[in-house]
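Asker: If you scroll down you'll find the structure; I have some questions about it.
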Amino acid sequence: MTFNLHKIHNAVNWNREEDGFTQAFWEQNVKQFWLPEEISVSKDIKVWNELSNKEKELYKKVLGGLTLLDTKQGNNGIPSMMSLTENLQRKAVLSFMGTMEEIHAKSYSSIFMTLLSNLEIDELFEWIETEPTLQRKADLVLAQYENTTNQEGLYLSMVTSVFLESFLFYSGFFYPLYLSGQGKMVASGEIISLILRDESLHGKYIGLLAQEIYDSFDKMDKEMLEEKMYSILYSLMENEIEYTNVIYRESGLEKEVVNFLKYNANRALENLGFEKLYTVDAINPIVLNGLSTETKTHDFFSTKGNGYQKGVYEELEDEDFII
């Protein structure tokens, strides 16, 4: 075995504030930590059985699409950005966010396992693999993540990540928020609210990192990066509208969802330091209320959201081992 005696290996030092915001994002990420097993999705079974077949089909598919995006973000997106991020505190925050993406993906499986038969689950995952607009969405995202080899590639990966977390997810979030706002599928809606809150934080943090990289380029390079950024947005939006029309076509909600997409695309642009692009009509008030994560309780030791209760654990005693 050969050792590189000239390489200095660094350890992350949390005792030094390095950029004025990363430690705050670490602390907020930790405060928001949650697990799907701590939310009782079984409370939704009665309502689920009362939904029409069309409503069930739409609900399954929006969650299926979200599962694919979270899988790609956890397995490809976050690691690609970490690979060229040198600051160790920032790496740690990104790593934590990557873990939460995997938890998000697993949380959808918790919903599926509670509400669907094994056959229905298998059919849903087959649909994920065969729906052209969903597969194209993954292709568009991965095209950027797999090209993270320099600072330009890193910036565009971060741009794509912000679009994914601040915009693409929301075609899937719309319907669960729409139902839970009417008192239907409330437990599953609580999971969506927790995921939504995480994604909001992720989009803001990675947006700050992206802005820092963008500012390091000269004027000509900035113009080139801005052009590429908008090109990515237009491609994603075009496909997302087509995807929305496919899965929402029998709901009568297509126009509202597309309007919601544009609303969140504007928010994604703001996270990246750019002006709003799209003209947006009024958002459905039921759904908009679900986006107001600031109104929800954030006390780590009591609740994580409107209805989330963190498990209470007692110390084990000798008698606990007597059978």
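Glycine residues also receive a Cβ, built from the backbone N, Cα and C atoms like all the rest.
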Asker: Among Glu165, Glu238, Glu240, Glu242, indicate the single residue that TrEMBL lists for the Fe cation 2 site containing Glu199, His202.
Answerer: Glu165
Asker: Please pick, from Asp70, Asp122, the residue that TrEMBL records in the Fe cation 1 site together with Glu101, His104.
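Answerer: It is Asp70, as the record lists it for that site.
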Asker: Residue list, the transmembrane segment (154-175) vs rest of chain: Cβ under 8 Å, 6 or more residues beyond ends.
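Answerer: For the transmembrane segment (154-175), the far contacts come to 58-59, 62-63, 65-66, 69, 73, 77-78, 80-81, 84-85, 137, 141, 144-145, 147-148, 192, 195-196, 199-200, 202-203, 206-207, 209-210, 213-214, 225, 228-229, 232-233, 236, 240, 243-244, 247-248, 251, 253, 256-257, 260-261, 264-265, 267-268, 271-272, 287, 290.
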Asker: Over all shown protein chains, what is the count of other CB atoms within 10 A of the CB belonging to His104 (Fe cation 1 binding site)?
Answerer: 25
Asker: Taking the Cα atoms as reference points, how far is Glu101 (Fe cation 1 binding site) from His202 (Fe cation 2 binding site) in Å?
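Answerer: Taking the Cα atoms only, Glu101 (Fe cation 1 binding site) lies 10 Å from His202 (Fe cation 2 binding site).
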Asker: Would you list the other residues of this chain near Fe cation 2 - those whose C-beta lies within 8 angstroms of the C-beta centroid of Glu165, Glu199, His202 - in sequence order?
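Answerer: Near the Fe cation 2 site, the remaining chain residues are Gln73, Met97, Ser161, Val162, Leu164, Ser166, Phe169, Asp198, Ser200, Leu201, Gly203, Ile206.
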Asker: Please list, in sequence order, every residue of the chain apart from Asp70, Glu101, His104 whose Cβ lies within 8 Å of the Cβ centroid of the Fe cation 1 site.
Answerer: Leu66, Leu69, Thr71, Gln73, Gly74, Met100, Glu102, Ile103, Ala105, Ile195
Asker: In the structure shown, with every protein chain counted, which of the binding-site residues Asp70, Glu165 has the densest set of Cβ atoms within 10 angstroms of its Cβ?
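Answerer: When each Cβ's neighbours within 10 Å are tallied, Glu165 tops the list.
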Asker: Once the DSSP letters are reduced so that anything not helix or strand counts as coil, what is Glu101 (Fe cation 1 binding site)?
Answerer: helix
